[in-house]
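Visitor: Sharing a structure, written as structure tokens. Questions coming.
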Amino acid sequence: MTKGTGAANGTITSGQLSKLLFLFSIGSAALLLPTAVVSIAKQDSWISMLLVIPFHYAFIYIYLLLHKRFPKMTLAQYAEKIAGVWLGKAVTLTFVFFFALLGGLVLNNVTDFLSKSVLPQTPDWFIGGTFMISIAYAVFLGVETIARTGEILFAWTLFIIGLISFTLINQMHADNLLPMLYNGWSGPVKGIYPVLGFPLAECVFLTAILPMIKDEERTKLKRMIGWSVLLSGGVGVIISFLIVSVLGVEEAMRSPFSVYEMAKSINIEEILVRVEILVAMVWIGTVFTKLAITVYSLVVMLSQMLKLRTYRSLVFPMCLLIVPLSLIVYRNSIHAGTFALEVWSVYAVLQGVILPLSLLAVARLFDKKSAEDGRFPEKTPKTPVSAGETADKQG
Amino acid sequence: MGPIIACVLFAGAMSILLWHQNKKRQQIKEGVWAIVFLWGAIAVIVAKLLHLPMSPPTDWVAAITAPLYKPIVAWIKGG
Amino acid sequence: MRRAAGIGPGKLRARLVRLMLLVLLMAACAPLSACWDIQYLDQLGVVLAVGVDDDPKGKFRYQVTVQVVLPRNASPGDQSGNGSPVMTISEKGDTLFEAIRKMSAKTSRRLFFSHMQLLAIHENTAKKDLYPLLDLIDRNADIRSDISVVIARGLRAEQLLEIRTQMEAVPANQMKEAIEVNEKAHGQVFSVLVRDIVRMADSHLKEAAVPAIGVEGMPEAGNKDNNVTQIKPDVIPELTTMAIFRDGELAGYLTPKESRGYVFLRNRIKSSVLKLSCPRTDGHYIVEIFDSDTRTKVRQSPQSSDTPLVHVQVRMEASIHELTCQDFNVHDESSFREVELAVNQAVEAELDAAIGALQKKLRSDALGWGREVYQDQPAMWKRISGNWNDVFPNVPYELECISRIQSMGIRSNSIAK
């Protein structure tokens, strides 16, 4: 590996991007979200998850359109082109705040889960800190490394989800899903609300990652992303379906970690028992990806806003910041529940959909586009170099 | 007191490290910003150690978006 | 790759860096053993069963007894000392958790509940309210919810946990396995886990039903060595019938006939044995039902659109297992028809008895018919769910039993002629 591989830039394929998108959408969402949706839509939550899929693609389409106009720039950069330097920086600042908050929330989720289920006596900051060490390293290495890790995690995640779905077949009570549409369509439609913020609008991270696509892969992008959206939507439907049929509506509503509870029921002839830790493994893998991407977006946007030559110097301080942030971000578990269910969707949609949409509208209005290469400059050499001795080949 | 001193010392050591690393690569601006954010993070950690009352950022967000999310949630819970 | 870094001091430095990384990695493994959460196995007291009674002095709500394994005595081959494989500890408290924490005054090890098998509740305690007892198990991340629940009938739960058993070294195991054996072989009770009760509690659409255990013999004699050294034990735990709850409080027990009818209705029969009288002579013959499937459907009753009509269909596969009738014609298929009719009638009688007991005597919807109406006739349920407690005792029903006799074992004629 070249020492400077992925130092400031990397290139990823559209396949890798779609897998990252899938892991991002699943992480936190498929494991925490079903409770929220079930509490609104009751036994029709699977319909909600189905209805959400077109919204997912629509949101991502906005980012793709912006990407077409500014193929090699992240939002931090084209915001300045569209709205002027200072207003653009202000917009980027809101995104920086958004991603920092998101990182704190996600870290809070995973720390909370590990703390309650597995390591009750260990201080939360230690669990969070240990997690962030690996995140910091991943972000430091760059988006390529994250993408390759994502490919491995993708395979494992699919495998475990398939395994869990299969082994739960004998624990399903399909009649828990009846009666369908007890309160008409209002139930499933209202159930969409939590999903809008979590994970849909959070996919705005794509605005920071899309410029990293290899040039030759750009044509496949739409198709790959389409598959990813379908797959994550499908997994969401399957998990909602399983949750209600195995646990029943009331218990699914009451358990914050409903997928974990459901996996506790796996029992094949008393031999395949107590395998719920697989769910924990999937969760940690997907949350890792989500956090890595979030921190990466955060650091890239911040360093572009400050016109730095590389994002690497900010990785460590930002990761350090997210740990105490994860501890102060919620007062208690009730605050966590109500915030995630009620407020986050509105804030995330405002930040992740409305804001980019407005940028897109202004860009179209004034026909702004730029093929400028906004990526970070090549690794700065230690000593002045002659033309022949350029920096290391980028990954 | 102990943990707070340890944090400050740690911040100091990391600042020196960051400064040298970045100076070696002629990235002064990056080094400066890194140190700024580092001390910001340490400030938050120390505030938490001293149990200073800190308003969660989520409350700021909730306050700003209150006119939007309250009616939506009321509609979801009501109907 | 590292050409630019060069040879000489570069290589050595690279090696040094790698060595340091290795040391760092190994040091990082230390916290993996979870320093804060470390629990040594020999500092844990593994709890296998918990019993809940009323406080005899009346000062607290509950008296909780835990049955803790003593590993040195529990392994079958290593009978070092003739001690009992388990010991019990009792404490009183207003809630389950309070009593358990108070027990730390009497234990040298930390009580560990992850391997709990059995929860025994005394009938008087169950008459007060069942659900609060289960909140701890439901809520706590360490205690699993697949614990068998039983009602101690005719003796205190404390005494139940003190009976030494021969078939299994650990008494809690014997009782829990007994429920499963009964469920598979006789069908008079079926095992009910905490998880099942918790799910029933939520919807209030189905009342809880729990197997009851009593003893054969005098309970006080259970705690003695005699009980395991004699060939015939003085005391042995004995399963009785299902206990039915109403609004979370014990309402009553079913008779053996009603109990099995109930298990049929809940579709939990795995195999069961039916005794029928010989058609034309004295004597009996035994039919074993080895496969049974119960379907419940709800329609609207023809009388009024607000009354559900429940249709229960039981399909059974059976075979004759003990034949002592004298003129049973084993070469004519019509004798199988006769047997099938007899089986149908007998099972219908049991179902009738069970439904009658639940509707009229106990007035508790432990069958989950409320839930069936909710699922099959949601529009009707919206109208009547408010006063389901009044509607249920008068719900009309239809029973349909279809049985098929397959064979007669490996003999045709009986020697009992």
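Every residue, even glycine, has its Cβ placed from backbone N, Cα and C.
Sharing the feature lines straight out of TrEMBL:
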REGION    A:373-395  region 'Disordered'
TRANSMEM  A:20-40  transmembrane segment
TRANSMEM  A:46-66  transmembrane segment
TRANSMEM  A:86-105  transmembrane segment
TRANSMEM  A:125-143  transmembrane segment
TRANSMEM  A:152-172  transmembrane segment
TRANSMEM  A:192-213  transmembrane segment
TRANSMEM  A:225-249  transmembrane segment
TRANSMEM  A:277-302  transmembrane segment
TRANSMEM  A:314-332  transmembrane segment
TRANSMEM  A:344-366  transmembrane segment
Visitor: Any chance the transmembrane segment (A:277-302) and the transmembrane segment (A:86-105) have 3 or more Cβ pairs under 8 A, given the pairs are 6 or more apart in sequence?
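Guide: Yes, the stretches contact each other.
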Visitor: The transmembrane segment (A:125-143) and the transmembrane segment (A:20-40): do they have three or more Cβ pairs under 8 Å, with pairs 6 or more apart in sequence?
Guide: no
Visitor: Would the transmembrane segment (A:125-143) count as touching the transmembrane segment (A:314-332), if touching means at least three Cβ pairs under 8 Å and pairs must be 6 or more apart in sequence?
Guide: yes
Visitor: Any chance the transmembrane segment (A:152-172) and the transmembrane segment (A:314-332) are in contact, meaning at least three CB pairs closer than 8 A with a sequence separation of 6+?
Guide: no
Visitor: How about long-range neighbours of the transmembrane segment (A:225-249): same chain, 6 or more residues beyond its ends, C-beta under 8 Å?
Guide: 14, 17-19, 21-22, 25-26, 29-30, 33-34, 37-38, 42-43, 45-46, 48-50, 52-53, 56-57, 60, 64, 161, 164-165, 168, 171-174, 176-177, 195, 255, 258-259, 261-262, 265
Visitor: Apart from its near flanks, which chain residues at least 6 from the ends of the transmembrane segment (A:314-332) lie with a Cβ under 8 angstroms of it?
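Guide: Answer is 100-101, 103-105, 107-108, 111, 124-125, 128-129, 132-133, 135-136, 139-140, 295, 298-299, 302-303, 308, 339.
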